[in-house]
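The transmembrane segment annotation in TrEMBL covers 6-23, 35-56, 68-89, 96-117, 129-146, 158-177, 189-210, 222-248, 254-274, 286-302.
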């Protein structure tokens, strides 16, 4: 049952990205779309904390008492989500999953190897090294296209790919900071709420500075079923991971979630679901995805 829940979390994560992209198109701003999903997610966490009879003002005060660094997780999460929404239509569903995943896993290996951010040390071994090679091979197979592209398009693709890779690193750091905050607060749901809350603050500042904030568009987003579905999926995903990680372990939880996300993203792109530009999956992409998944298994499960 728990394994099914981790697969479910991966599937809904693949669904959230195109929903957020569609919302961004509807209100003419991907950043405002991120803000709306964060507002909705924060509201749902407030309701959950009230049901659990948690003193929210005290929770926020306690968070500040532990110092500013633990608040960074919320900012990183907001940057990651917004980046994926912006990059999703530019890279496509599969690449928008593969490149951030590569950033997540490689940065995770680096952090584990040196025991950074109070994480337990886990040295690199031959199996993990083989897994890294499989990841890189999977990216090459999945991303390579025989079609000739202009120099400008190639440069843009490279920039978008690097951006997605960095976003994946931020996602890894977000998880670490949020987990450490959860330990400090002794409340994992509370730490996740704090992450959503401060992510909301960051996105609000950004939309105000970039002048993308308009009350009519905010109302449209907050009253849109797409906005509520995307926000609810985001909150559900975070809660699922928070619940599963202590039970299944971070390696198995992340692996099964990512595998489900990659397969679901490939299906969405192949059939053009959720208004995604249809791009039939080729044999080469299938091989690339399989190799990439094997790399994840070698690093996160076998290694």
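Each position is counted from 1, following the chain as shown.
Cβ from N, Cα, C; glycine included.
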Q | the transmembrane segment (254-274) vs the transmembrane segment (6-23): 3 or more CB pairs under 8 Å | A | yes
**Q.** Contact yes or no, the transmembrane segment (129-146) and the transmembrane segment (6-23), 3+ Cβ pairs under 8 Å, gap 6+
**A.** no
Q: Between the transmembrane segment (222-248) and the stretches 6-23, 68-89, 96-117, 158-177, 286-302, work out which stretch tops the count of Cβ pairs under 8 Å.
A: 6-23
**Q.** Intrachain residues whose Cβ lies under 8 Å of the transmembrane segment (286-302), provided they are six or more past its termini
**A.** 94, 98, 101, 105, 109, 127-128, 130-143, 251-252, 254-255, 258-259, 262-263, 266
